[in-house]
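Engineer: Feature list, courtesy of Swiss-Prot:
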- Gly211, Glu212, Pro213, Gly214, Val215, Gly216, Lys217, Thr218: ATP 1 binding site (BINDING)
- Gly612, Pro613, Thr614, Gly615, Val616, Gly617, Lys618, Thr619: ATP 2 binding site (BINDING)
- 396-530: coiled coil (COILED)
- 3-151: domain 'Clp R' (DOMAIN)
- 6-71: region 'Repeat 1' (REGION)
- 86-151: region 'Repeat 2' (REGION)
- 164-345: region 'NBD1' (REGION)
- 346-552: region 'Linker' (REGION)
- 562-773: region 'NBD2' (REGION)
- 774-866: region 'C-terminal' (REGION)
Amino acid sequence: MNADKMTLRVQQSLNDAYEIAVKYNNQQLDIIHLFSALVNQKDGLIPNIFEKMGVNIDSLKRDIHVQIDRMPKVLGEAAQSSGVTATRRINEVLIKAEEISKQFEDSYISVEHVMLAMIDIDKNGAVGEILRKNNITKDGFLKVLNEVRGSQRVDSQDPEGTYEALDKYGTNLIELVKQHKLDPVIGRDEEIRRAVRILSRKTKNNPILIGEPGVGKTAIVEGLAERIVRGDVPEGLKDKVIISLDMGALIAGAKYRGEFEERLKAVLKEVQSSEGKILLFIDEIHTIVGAGKTDGAMDAGNLIKPMLARGELHCIGATTFDEYRQYIEKDKALERRFQPVIVEEPTVEETVSILRGLKERFEIHHGIRIHDSAIVAAAKLSHRYIQDRYLPDKAIDLIDEAGAMIRSEIDSLPTELDIIRRKILMLETEKEALSKENDDASKERLVALEKELAELQDKNDEMTIKYEKEKSHISAVRDLKAELDEARGLAEKYEREYDLNKVAELKYGKIPELERKIKEQEASMEKDNENALLKEEVTENEISEIISKWTGIPVTKLVESEREKLLRLEEELRERVIGQDEATTAVANAVIRARAGLKDERKPIGSFIFLGPTGVGKTELAKTLARNLFDSEDNIVRIDMSEYMEKHAVSRLIGPPPGYVGYEEGGQLTEAVRRNPYSVILFDEIEKAHDDVFNLFLQILDDGRLTDNKGKTVDFKNTIIIMTSNIGSGYLLENKSGEGIEDDIRENVMNEMKLRFKPEFLNRVDDIIMFRPLSSEGIKKIIDIFLRDVENRLRERNITLEVTDRAKEILAEEGYDPVYGARPLKRYISNVLETEIAKKIIAGEIYDGSVALIDGVDGKIIVSRK
């Protein structure tokens, strides 16, 4: 028998039959082994047909095992030396199968031919006995085979892949709607109406839904399926079936050339033979362009074009704008066969309606309650803070994650109860240890401990009962809601079937009863809600918390500790940045306005230009602000503008254009802000940058956004922008006023600024703040700050630092220069003071646990051990 004439499944079953014979120590390969191999084939046609005939497959497999077990076995050396030989009956079956394949007008011997041959040849044998026992007849087998195969012919070595192709590679959306498994679709009426109009055309009746990811393209098709089930569609679309095609399943496992095309042709043939009853929905339709394309083979797009043009294939596609442009528009012949339906992102108000429609499904799934305030917050906050995704998807994700968070808290032990149980465990361990001691103190402690343990045990029992009761209440409500949802689904089903008795039973009996029970359960929970251990509601706070986790932007309501921190922000800034009260006040006020929710939503939190001589605290203020807001300086995006002196350096901020090296990496500024949307951005020494760089700043300062080299919008609305400059520092050094900046000096500085920067740039900045030169009082405070840093480093070595007033005076005289600010002071402390201390430590004069005394003698700094 020529193996090339057999399908792959028949060849596989013969190999499996041989292995079964070896496993059971049979010397002969007989029909029963081949029958066993066919029945045990994974996703095989024979077990599929038997299941459709109502045969219990497990029972059938047991009967086969019993029959094979009865066959003669050869054990020991004789079994190893002699191989397994095929019986004459096996060859008879294969010859008969070949004859049957010719009767069926098939090109290959397939598994159904082999099965029919076995039924004929082994009527009185082991296989015949099993078939009779399980009520499997030839006529019954042929009847189901015709249903499965239809008019298909075996023209390839893998024909099973083409039988019931739509069931294998598609999902029936109409059935899912009937089974109440799809989420309700709210709104989108205009898009659904447009899709219905296109589907009702004579030719080119193929809508393609185009929209951004997450705007609800697939939901529109599900909404259409819902309408078809309800009968809320034109006459031409009633009783249509929507099948969602799974391109992944269609391609997966197609090893040989032509196998993919064969499967797709089988799908298209089924759609065609339905005579317009089936609407084929291909999600991510751009995948058909190039799908299955190998050397010389046609891709899926070219295979469906002729049917689309003739109107034989009703197809609904869905894809994004980018993919439509990249794949579909390039293929003009494919593009003209589809009619685009643009799906816009819904507004915040529409999103709220969509979420209200989905609310009940999420409540049932998570077993919790969702407040309406949470729904409104999810729509508003996601729209405001999550810029790179689209409504309603991002808002739905927020609700889902908040529900999951509350659910996981319900399923885990409440914190109060957990603390008590851990304490009981600790005290029991201590009790065990004390019970072995005999002294009076231990006995007294044991009595006190037993009393404390008894109290805790009572408290634990009381709280455990309360916890179990609350949990059972929540579970009961969840089960009742699931039951109510199921009852509503059944009511819809019976309404479609016009079974009015059952509809009345459900609508006026079961459903009101379940609603009453849910209300009762929720009322009893409300009563105990004040001191409840478990929280079972999603509120605005949970949504804010998740937004904060996703973006790093503080959206949550202010807790007491944070209120204090914000109110003390100005004070904290002044502790590090000495003598610049105007600057610290302006920055602190901007942050407070933003955190209270009163800032302009379209602009950054604040944008400032700090002017002043070098070393007066301009950059230090930005660092201190970052440290206070984020507890670290990591959230400061520092860009030294001296690196942007050339015109072409602008591309480094937003990323180079396509075709240039580094295009994929993006820009230094845009990528940093995309990763950390809530940060302080410091543009240091802005006067050093090229004029063209400031053109970028205009849209950042005005609209709080910037478009990078890939066309993506980066959101700057939650950043604080600080620019520093030394422009006008010559005038500022002449300032003699101790309190503020003199008017004529301020005017001179502003005139110089206007000469250097364009008016449209200066006009968009919130505040231009001038820093005064440091006073002698300020220098003393700065010395204390610098010495505190040295002290902290020495503390790590367990060395204490003491500095006399004379030493501080010398540091102020030697280290301070009005032109250079505090930087020379820092250098002086580093070069003189730290060096002297280091020498003493190396020499062993100052060691761990000692006190280093810093004194001033004859205008010099002296370091000694106290």
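Placed from the backbone N, Cα and C atoms, the Cβ positions cover glycine too.
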Engineer: Which whole-number value in Å describes the distance between the Cα atoms of Val616 (ATP 2 binding site) and Glu212 (ATP 1 binding site)?
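Structural biologist: The Cα atom of Val616 (ATP 2 binding site) is 50 Å away from the Cα atom of Glu212 (ATP 1 binding site).
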Engineer: Sort the binding-site residues Val215, Gly216, Lys217 by C-alpha distance from Gly615 (ATP 2 binding site) and give me just the closest.
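Structural biologist: Checking each of Val215, Gly216, Lys217 against Gly615 (ATP 2 binding site), the shortest Cα distance is to Val215.
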Engineer: Fewest neighbouring Cβ atoms within 10 Å: which of the binding-site residues Lys217, Lys618?
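Structural biologist: Per-residue Cβ counts within 10 Å for the binding-site residues Lys217, Lys618 bottom out at Lys217.
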Engineer: Going by C-alpha positions, which of the binding-site residues (Gly612, Thr614, Lys618, Thr619) is nearest Pro213 (ATP 1 binding site)?
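Structural biologist: That would be Thr619, the closest of Gly612, Thr614, Lys618, Thr619 to Pro213 (ATP 1 binding site).
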Engineer: Would you list, in sequence order, the residues of this chain other than Gly211, Glu212, Pro213, Gly214, Val215, Gly216, Lys217, Thr218 that have their CB within 8 A of the centroid of the site's CB atoms, where the site is the one recorded for ATP 1?
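Structural biologist: Near the ATP 1 site, beyond Gly211, Glu212, Pro213, Gly214, Val215, Gly216, Lys217, Thr218, sit Ala219, Ala318, Thr320, Val343, Glu345, Tyr390, Asp393.
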Engineer: Gly211, Pro213, Gly617: which of these binding-site residues has the highest Cβ count within 10 Å of its own Cβ?
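Structural biologist: Of the binding-site residues Gly211, Pro213, Gly617, the highest Cβ count within 10 Å belongs to Gly617.
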Engineer: From the binding-site residues Gly612, Pro613, Lys618, Thr619, pick the residue whose C-alpha lies nearest to the C-alpha of Gly214 (ATP 1 binding site).
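Structural biologist: Answer for the nearest of the binding-site residues: Thr619.
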Engineer: I need the CA-to-CA distance for Gly612 (ATP 2 binding site) versus Glu212 (ATP 1 binding site), whole Å please.
Structural biologist: 48
Engineer: Could you state the whole-number distance in Å separating the C-alpha atoms of Thr218 (ATP 1 binding site) and Thr619 (ATP 2 binding site)?
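Structural biologist: Approximately 51 Å lies between the Cα of Thr218 (ATP 1 binding site) and that of Thr619 (ATP 2 binding site).
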Engineer: For Gly216 (ATP 1 binding site), which of the binding-site residues Thr614, Gly617, Thr619 has the nearest Cα in space?
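Structural biologist: In terms of Cα distance, Gly216 (ATP 1 binding site) lies closest to Thr619.
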